[in-house]
Structures are given as C-alpha cells and as structure tokens.
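Here's the structure, in structure tokens; my notes come after.
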C-alpha cells in the first residue's frame, strides 16, 4: 500500500467568497449594518430573516424597505452556493446535493431522514488534504477551505427544504448536523468553529440546532482537538481512527505520521475530560487490512484505557470508491470484530450506512458533476 498524495494542511487561499451575513457574529453584523448607514436594529431584522425564516434572498425579505433590500443584497449577500443537482435514494429519504460555489468550486452535502431525526452531513472543505487512500475525497486532493457562510448555508438550505416538504416524507425539522462530508474540519478550524456557533445559536443569531446534536469529525489533528475542547462547546467529537496500531495507521491515515495513535487518544481524553462529552471513534472495516481479531482486541483495550466509559465505536463497512483495491469485510468477520471490542468493555456497533448507491456514503463524496 502506498500513499499517492502528500498531506496538505494549508489550503490555497483562492476562491473564497466575499463577506456574507453568515460570516459575521452579532457584533460584526451590527457594525456592518452601521457601515451602510442603516440603524442597528436592521441587523437583527436581517438575521431573523436568514436564520429564523431561512430566507437567503434579500429581495424576498419584504419586511425591509426595497432600497434597504438592494443595499444589503449588494453588501451582505454575495452569491454563495447554487444547486447543480440533487440525487436521491432510499425512497427519496436520502438526498445528496451537489453545490457549485461562486468561483466554480464543487462540494456536496447529504440529507438523511430517519424515523426519529433528520441529519445533514456537511462539507467543511472542497476536497481534502489528508490523503487517506481508501477515501474518494482524500484521493481527490484539496481545492480550498469553505468559508463560514458556505458551511452554514448548506445547513440553512437543508432546513428550508425540510420545512417546505421538498424532501420525501413530508415537512420536517432539521435536527442533527455531522461534519463528515468533504474535508478535514479541524484543518479549517476557525471557520468551522464559527459555523458551529452560527448553526447552534438561537435566532436571530443562528439556526438553533442543539450543540449536542452536532458532530465534528477529525482524522486526528491532536493540537486542534485540544483547542476545540477549550472552546466551551458541547459538540460530539468523532475521531476517525480506523486502526489501533501506528504501523498500519501511518498508511491508512497518513496524518498519523505526525500525531500517532497515543497522542490522538490523549487529546481525545482531554476532550472528554474538559467537555464531559463521550467521544465517538469511527472505524472503517476493510477486508484483510484492519479487521483481524487481534486488532479488535487492541482497539478495545487502548480505548478502554484512554477513555473508560466515555467512548463509543462506530464500525463502518467500507464503502466502495472508483478504482479502489479494497472492499468491506465479510459480515461474519464484522460481527466478530464488534463482539471482541464490546468484550473489552467498549460499546461498539455497526453504523447504519446510507446512500452507497448514489455515492453519498462515508468516504464516497467526490463532487463529480
């Protein structure tokens, strides 16, 4: 096995859109409105339209005078994301959206309807620089970071689609957000944290989704995990571990060459200690690569030692990607792996995978037009 791409932590600075309302916190919104010569109360009025009514077109904000709509449209609502296409499966209850940003950059998000929740998987970067060889996004390389507004607007658009009954299953409410789409969220740290705050703040400052229903994933950027722990947020941390030993992880997750397993688990323990939140560990099970019984035993033992009862393992059957030489482990092997991890005192379940047939499942997002 070889790594075909280098790790990229510093994204190209090209293509970022102009300032948008969703890039700004409450104080910055008021300052931006004042710069336009408008009274400060307009800032909350505009924010209530965007976050509360899920309206992104100033021309439709009819409680504002027409001249104000034109003014704020030019200053605070640059073109962000246009739908290229929707693709659905699961009787329409799983819907992947391909977006085109203002500079032509392509990205994807996936909306999944369940009996008890509606979950949106969002992208934080266009592409990914972490170069994991079993992931289509990682093998495509990194185009650029997404702006805070580009991240937030994926959520606003999905919430509006659910509210309006545009997704199979009738009108509904968006309840859960997972930063598990394209990109390494903690490599776009500042914008992702700002987006989390906008997504979770109550209107008029945000979309009002509970922090406890937000998951931020990472391949293991240990210093950023510790930094996130100190942000005062209550989001769930998901660590994409994929193997408990450094020898294999150096290849499967190349960032392990910088922050090995022990360092990642130390950071995860700090996150659990600081936030009081249980950590999720993601494990893509690959036939004859990381599915051996001894690896299950090692995984359970290391996680129990590092995190005790504050960890849960999600086993993910490997999703196929174009040209991949790997495939998912057989079901008996998967069941034995889960059993052995549980035997070590660590809760372990197989994650319900949605969207495989439309290339919308974990590791499949490639933003192909």
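Note: Cβ is positioned from N, Cα and C throughout, glycine not excepted.
Annotation source Swiss-Prot lists active site, proton acceptor at 108, citing sequence analysis. Secondary structure at residue 108 (active site, proton acceptor), as computed by DSSP, is strand.
The active site, S-methylcysteine intermediate feature in Swiss-Prot is assigned to 362; the stated evidence is sequence analysis.
In the shown protein chains, 23 other C-beta atoms lie within 10 A of the C-beta of residue 132 ([4Fe-4S] cluster binding site). Annotation source Swiss-Prot lists [4Fe-4S] cluster binding site at 128, 132, 135.
Swiss-Prot lists 183, 184, 217, 240, 241, 242, 319 with the feature S-adenosyl-L-methionine binding site. Using a 10 Å Cβ-Cβ cutoff, residue 242 (S-adenosyl-L-methionine binding site) registers 26 neighbours.
Feature annotation from Swiss-Prot assigns disulfide bond to 121-362; the stated evidence is sequence analysis. On its own chain, residue 121 (disulfide bond) has 109, 110, 111, 112, 178, 180, 181 as residues at least 6 apart in sequence with a Cβ closer than 8 Å to its own Cβ.
Annotation source Swiss-Prot lists domain 'Radical SAM core' at 114-357, citing sequence analysis.
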Exercise. Could you tell me the C-alpha distance between residue 183 (S-adenosyl-L-methionine binding site) and residue 135 ([4Fe-4S] cluster binding site) in angstrom, no decimals?
Worked result: 11
